[in-house]
Amino acid sequence: MSDIDAGVEPSQAVHAVLDYYSAFSLVLGGCCANVWAYEELLIINPRIGSALTFSQILFITLQSLPTFVDFRRVIPRLKPTQVPLREWIFQVALFASGSLINNWVYAYRVPLPIMIVFRSAGKHHPPSGLPVSMLLGLFVLKKRYTITQVASVVMITTGVILATLSRSSSKSKSSLEDAPHYVTGVALLVLSLFLTGILGLLQERTYRKYGPHWREGIFYTHFFALPIFIFLITDIKQGLHSLYAPPSLDFRIPYAPYFVLAANLGSQLICVRGVNKLSSQVSSVATNLVLTVRKALSLCFSVWWFSNPWSLELVFGAGMVFTGGVLFSNGDRWMDTWRGQKPKSEEAKKER
């Protein structure tokens with residue numbers, strides 16, 4: 001046993017293990033519960049997207065207020081910022097548009113499993129629309145990517161196409177009637193990927209210039225997005241009112257769907273905190289693997305619990321997206337380790 005191992009007390013080891021498993025449980029439990037509550041709300045009212053987006057953004061803004069607003073004065077004021085407010089303006093428009101589109105898509109008969117596959121292609125750790133980010137990185141920022149990263153993005157793109165075609169391959173009468181709506185929904189998902197990719201590049205540029213003040217970024221992109229919903233007030237009222245008397249027989253108790261909405265908001269907070277806690281305790285490799293497992297479990301749960309349709313195309317497509325996401329983040333590091341070389345990230349640290 002090494003000196004380091006000998007110096008670790010059993011109580012410290014137990015605490016570290018429990019801390020890790022608590023973070024792991026927050027990610028799996030919180031994120032999977034969030035998917036369940038999310039789909040329950042969409043089943044109650046497929047057009048609840050605007051109300052759901054507004055509730056999510058308002059909730060995150062309110063729980064972040066004490067950190068970024070000074071309440072000690074008669075008139076509360078924003079605390080000094082690390083990043084100029086002008087940097088967030090365009091990001092707010094991209095963030096709000098992408099969030100609304102993601103929550104509108106279900107109304108166009110796009111099954112949640114396919115939505116999960118698309119979001120997995122567009123959100124990684126850190127978040128970015130990978131295929132779009134690579135195109136913009138190549139032609140706008142003149143970035144260079146390794147063969148492994150290019151192959152990973154090709155795998156992700158192929159997986160998304162396979163998953164998308166899995167729905168259209170059905171020959172049932174209802175599927176043929178829903179085809180125009182489905183095509184519109186898929187087009188909206190593709191648009192959302194582009195918005196997410198552009199947002200990811202803007203965030204990367206901002207954090208590189210001013211430092212990784214991601215908490216500040218989350219608060220201001222949510223806070224400044226709230227006025228946009230003034231133009232959607234009628235849609236928001238309709239969505240919230242629909243929760244009072246849902247047509248579903250599963251909710252015989254009035255106000256029960258509002259508890260589902262609260263569960264969606266609370267589990268979202270638990271999920272985000274779990275991811276941040278996990279990433280602070282383990283390597284990015286382990287974090288990406290856990291997030292990939294979480295997405296796969298969410299997909300399986302959605303198919304099982306809500307009896308969503310599935311096919312071999314969906315299974316293979318989802319598998320390619322999840323695998324491609326892990327390879328994009330960790331493939332080069334694994335290749336360097338296999339060749340007996342030090343990962344480039346470690347060499348970069350030494351040069352500093």
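Even glycines carry a Cβ here, placed using N, Cα and C.
What TrEMBL says about this protein:
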TRANSMEM  20-38  transmembrane segment
TRANSMEM  145-162  transmembrane segment
TRANSMEM  182-202  transmembrane segment
TRANSMEM  214-233  transmembrane segment
TRANSMEM  253-272  transmembrane segment
TRANSMEM  284-306  transmembrane segment
TRANSMEM  312-329  transmembrane segment
Worksheet item: For the transmembrane segment (214-233), what are the same-chain contacts with Cβ under 8 Å, counting residues 6+ beyond its ends?
Response: 50, 53-54, 57-58, 60-61, 64, 67-68, 81-83, 85, 88-89, 91-92, 95-96, 99-100, 203, 206-207
Worksheet item: Taking the transmembrane segment (20-38) as reference, which of 145-162, 182-202, 253-272, 312-329 has the most Cβ pairs under 8 angstroms?
Response: 253-272
Worksheet item: So which of 145-162, 182-202, 284-306 is most in touch with the transmembrane segment (312-329), counting Cβ pairs under 8 Å?
Response: 145-162
Worksheet, complete the sentence: Long-range CB partners for the transmembrane segment (284-306) (under 8 A, at least six residues beyond its ends), listed in sequence order, are 24, 27-28, 31-32, 35-36, 39, 43, 112-113, 116-117, 120, 124-125, 275, 278, 318, 322, 325-326, 329-330, 333
